[in-house]
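K.L.:
Quick one: the structure is below, questions incoming.
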């Protein structure tokens, strides 16, 4: 078989690439060894959002109960939540498969390996098929990594996929890694009554954000009785006598019913035999790409696997570019523009563009202007008033926006446009800001006095 | 006493005008006969949002309970919700008063009446004060109106202010008027267990929106067991033997514990003696303004009282313009730009710019493109999948956006920027849309196939 384009992997990047390529009239194949949709749909963004959405009533009730404006209790049915989630995933996979079929995309089930710079093999239980291609788009993504001594065993030490298969909330859960996965799953299980202890080797929660974000998160989670251990390295994480036992480098131990290893991902590039196609990798196998997302002649690598940005929408954006470049619609270098990223849950983090340290590292002099959510009537209405919106300015233009607090992920698209367009202060008045909205906290932050970062 | 600027009314328009004027160095007075903050803070946008925020857990639980993913119950404490609301209002009023004082604004308590085109009197319990002015900004707002035979009596027939003083949820509530006030208060009381019947003389719920918005709202509320009577005129609404009795023109009657008259507002202009300053009014007393928001020489009228747009943020925007114009910072005619407006609650409506009929009446040929919320993973996660986002196109440019469904008010700022900038289809790709977000329903709507409206 020969195809104009073979796409490897059916996550957000691969799906977008295959549908775009086929829509452009190219004979297209999509290789997938597991479920259509990849990590995002099956084990990442979507299942976690399904879990958080299904249980969102709990922290709202909890907050009001503290204020004595409400009393009550909610029992969640985790198996039913899981079934509902699985039904939605199945429906979404099926819709995606139908769309691919309607566009004439061949779905090749199996694992792809390059045999040469112009051919690859797809291996499954039934054997191995040789596939020739004009161009390839590698979109194989990433997977949870295992640090030595901290390998998830699926028993009491779980990875981010295992934890989604639990049918009962553990009484206690240790989470290693205070990024999006750890914070979101911690929020979810705490709603089900689980006692959470979160462990992070770096000094702050949400360690890729400015330290004030992590500080605020810490204050909020402390009040929610989370155990928080930051700046401490973990030596081992093991199942011992039916419990998860974490040992710090200091020798101190923590014990819980389960532990979630929520730190670190590695690229899904090994089985590709990248060297056979002249593809170079770095570190754990991240595929090196040039300014056009090319890993080798006629071979693009997009999404997690190229290590640029491990976010579904980054893969999607790169997929559009790769197909445009492959079909000659663009010759310009790839530029992502400001990247939005959120941590979801009752307390959320929203950032668009670089953080303060990244801007400073790039040589910029940064000013910040901030508004506190406590002054916002919508934050007040939910009783969740901790948090802020902060704008990062360079040369009187918006270069980044970060926020933490209840509901701040809702600001993401307005913030993305504002950072992309590098608004000046006067642009804030170019629109009427609806009242009353949480968005007014963004407006206030844009108009607030500035100070050097 | 003589002032450079006297501002009449301390709602969002008046407060903004007074603080802006004083910040510009003008000797400024603010006249207010009741509480600082006006209707928006004390009896409108803010208290209703405090009520909706405090009870937001209920419809989330209710939706999950239907899907058997959760079980439980929540009892709300209305007196405590009211106290919390009152505390927030008091704090906000106090903060506003402090800000005014710090800027040197004199707050004159009382009712203002023009005695001539250059002077007015302020009357309160202690007497009458003569005030001279260089310029006046009238921002007296509006108040609930009473149709003959439907006058709220504060007993069983309530207006939108009375209803906020209830300390107990009625068992049943008739709401007359299916605009923002009626739909929001209906949502709130239904969360407290009240049986709601909503009555609207026009054929659709949310009658200022495109009919498909009202149709969707009807489907959602029917499932929530609301009584819905549209296209039927009410003859009378009275307290009879401790019950609210509504009589349709057809002679049919409805009875409930309470009724809320949520239709119609009238301008608060009568006590101004506008004729003494040469100010013209139309209809129920709406102050006529020119292209510069001038009602007479040196007298601006902003906000509800000029009848242009009865929304807090419209008043705020006009206030900025009026002060800029009064201080010579602008001579251009007033232009609002696209106006955002929302109906809040578990099911929300968000619109920016004109609706379809308004665009067509202005002579435009309108195309629409729509995405359904059922395809959005965030809508799925909350189990509230009814609704849509619809984009109104004129000449391949976005001229309006409307949405209905759970959480759609969160799209308002991005939508306002997009309508203001009249995005073309290719602009949709100018940013990376964060995944997974409800905002992707807006992205999908912008990219969906178009059809003639």
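Including glycine, each Cβ sits where the backbone N, Cα and C put it.
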K.L.:
Record says B:177, B:178, B:179, B:180, B:181, B:182, B:183, B:184, B:200 bind NAD(+). Source is TrEMBL. Which of B:110, B:251, B:264 does it list for that same site?
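P.N.:
Looking through B:110, B:251, B:264, the residue TrEMBL assigns to the NAD(+) site is B:264.
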K.L.:
Which one of B:290, B:291, B:304 goes with B:49, B:140, B:141, B:142 at the FAD site, as TrEMBL has it?
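P.N.:
Given B:49, B:140, B:141, B:142 bind FAD in TrEMBL, the matching entry from B:290, B:291, B:304 is B:304.
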K.L.:
Given the binding-site residues B:140, B:142, and counting only Cβ atoms in the protein chains shown, which has the most within 10 Å of its Cβ?
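P.N.:
By the 10 Å Cβ neighbour count, B:140 comes out on top.
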K.L.:
Which ones, of the recorded positions B:45, B:49, B:141, B:179, B:183, B:435, are Cβ-proximal to chain A (under 8 Å)?
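P.N.:
Among the recorded positions B:45, B:49, B:141, B:179, B:183, B:435, the ones whose Cβ sits under 8 Å from a Cβ of chain A are B:45, B:49, B:435.
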K.L.:
In the structure shown, which of the binding-site residues B:200, B:304 has the fewest other Cβ atoms within 10 Å?
P.N.:
B:200
K.L.:
For residue B:179 (NAD(+) binding site), what residues in its own chain, 6 or more apart in sequence, show a Cβ-Cβ distance under 8 Å?
P.N.:
B:206, B:207, B:208, B:262, B:263, B:343
K.L.:
Determine, to the nearest whole angstrom, how far the Cα atom of residue B:49 (FAD binding site) is from the Cα atom of residue B:40 (disulfide bond).
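P.N.:
The separation of the Cα atoms works out to 11 Å.
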K.L.:
Nearest to residue B:142 (FAD binding site) by Cα, among B:40, B:45, B:177, B:200 (recorded positions)?
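P.N.:
Given the candidates B:40, B:45, B:177, B:200, the nearest one is B:40.
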K.L.:
Taking helix as H, G and I and strand as E and B in DSSP, count the residues of the domain 'Pyridine nucleotide-disulphide oxidoreductase dimerisation' (B:339-445) in helix, strand and coil.
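P.N.:
Across the domain 'Pyridine nucleotide-disulphide oxidoreductase dimerisation' (B:339-445), the residues distribute as 41 helix, 31 strand, 35 coil.
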K.L.:
Check the Cα-Cα distances from residue B:140 (FAD binding site) to the recorded positions B:45, B:181, B:183 and tell me which is shortest.
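P.N.:
Nearest listed residue in space: B:45.
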K.L.:
Quick one: of the recorded positions B:40, B:183, B:200, which has its CA closest to the CA of residue B:435 (active site, proton acceptor)?
P.N.:
B:183
K.L.:
What span in Å does the NAD(+) site cover, taken as the longest CA to CA distance among B:177, B:178, B:179, B:180, B:181, B:182, B:183, B:184, B:200, B:264?
P.N.:
15
K.L.:
Whose Cβ, among the binding-site residues B:141, B:177, has more other Cβ atoms within 10 Å than any of the rest?
P.N.:
B:141
